[in-house]
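This report concerns only the one structure given below.
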């Protein structure tokens with residue numbers, strides 16, 4: 001099988017970003033103790049990262065859109081590396097939060113520009129699969145990077161987890177340098193024209209679907225460690241094992257979502273959002289024993305990431321005149337859902353409803369996303385392809 005080196009380089013970058021984004025979720029109790037805050041307060045570090053992605057996605061994309069894509073992507077990974085180093089040496093909670101925000105500024109633009117690059121190096125009928133290949137690095141991070149970072153945090157200290165992740169940033173920069181063509185600087189974007197594209201009702205509807213889909217995921221995933229500790233009475237070793245299993249589910253779902261979205265974006269969204277809603281409603285009952293927890297985490301992981309490629313392609317297709325900006329803003333929308341999901345889960349916990357209600361809240365959000373897809377499906381084109389420019 002011929003290796004597509006640009007896609008491989010993008011997947012390596014996605015692996016690093018996935019590790020730094022998701023590893024704190026398995027380390028919330030450890031980080032909370034380390035900076036002397038509550039678990040819900042530590043959860044706000046995840047929300048802060050998500051807010052940084054929202055701000056950084058359009059800002060960094062517009063600032064770098066006239067640069068050669070290789071240079072832009074390497075610069076974004078340099079920000080990633082610096083942010084993780086600063087997180088590792090942060091002396092207190094507020095400094096750690098600011099460091100996480102800095103780290104997050106690369107996220108949306110990397111995946112946004114990366115999605116356009118991925119779609120441009122394959123035939124049009126394989127664009128969703130190409131985007132899924134890049135996101136495979138994100139899912140593989142949950143199999144290897146996140147559990148390894150969790151283990152480092154539990155055994156050596158959470159600071160070492162961030163430092164090791166910074167090392168991934170260096171590897172990513174090297175791989176991007178040698179794998180992507182140098183290219184030349186592009187024309188400066190027509191900001192008003194591209195922003196006008198984003199204001200279209202069908203684009204806004206697609207972005208809102210992304211917010212709700214991601215919100216459903218992060219309502220539970222942000223607090224996955226204490227949820228498993230509460231419902232399953234899980235040990236740290238079992239939590240780590242479940243993170244690996246969730247990562248396997250992510251990878252399977254990402255692959256299936258990309259393949260099926262090549263056939264039907266809306267159909268793929270409907271099917272997997274329904275599955276996501278059902279499995280989250282079942283988790284409080286299934287996860288009462290370790291076998292049920294393992295089954296539910298694997299299915300939940302698959303359903304969660306199966307919606308990612310179609311969500312990304314949906315926005316890129318309805319905003320094909322501004323593929324880079326729309327793709328980046330969609331990543332920002334994903335992380336707005338991240339922030340809202342973390343806040344929703346934290347609100348459930350703070351209200352005293354118990355950790356068992358956290359996945360139920362996630363199911364409610366998934367139901368809203370599914371409803372929106374049904375309402376807007378007739379207006380969403382299935383045949384528009386992403387511009388390769």
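Cβ atoms here come from the backbone N, Cα and C positions, even for glycine.
Under the heading topological domain 'Cytoplasmic', Swiss-Prot lists 1-6, 65-70, 122-130, 181-203, 258-266, 312-330, 378-389. Sequence annotations record features per position, and here Swiss-Prot assigns transmembrane segment to 7-27, 44-64, 71-91, 101-121, 131-151, 160-180, 204-224, 237-257, 267-287, 291-311, 331-351, 357-377 based on sequence analysis. Per Swiss-Prot, topological domain 'Periplasmic' is recorded for 28-43, 92-100, 152-159, 225-236, 352-356.
If one looks beyond the topological domain 'Periplasmic' (28-43) by at least 6 residues along the same chain, the residues whose Cβ comes under 8 Å of a Cβ in the stretch are 90, 92-93, 96, 153-154, 157-159, 222-223, 225-226, 342, 345-346, 349-350. Scored on C-beta pairs under 8 angstroms, the neighbour of the transmembrane segment (7-27) with the top count among 44-64, 160-180, 357-377 is 160-180.
Below 8 A, the CB atoms of the transmembrane segment (204-224) and the transmembrane segment (131-151) form no more than two pairs separated by six or more positions in the chain, fewer than 3 in all. Most Cβ pairs under 8 Å with the transmembrane segment (71-91) belong to 160-180, among the candidate stretches 131-151, 160-180, 291-311, 357-377. Taking residue pairs at least 6 apart in sequence, the transmembrane segment (160-180) and the transmembrane segment (131-151) share three or more C-beta contacts under 8 angstroms. Listed as Cβ neighbours of the topological domain 'Periplasmic' (92-100) (distance under 8 Å, sequence separation of 6 or more from its ends, same chain) are residues 31, 35-37, 41, 44-45, 48-49, 52, 83-84, 86. Beyond the transmembrane segment (237-257), the same-chain residues lying 6 or more positions past its ends with a Cβ under 8 Å from any Cβ of the stretch are 26, 132, 135-136, 138-144, 146-147, 150-151, 154, 221, 224-225, 228-229, 268, 272, 290, 293-294, 297-310. According to DSSP, the secondary structure content of the topological domain 'Cytoplasmic' (1-6) in residues is 2 helix, 0 strand, 4 coil.
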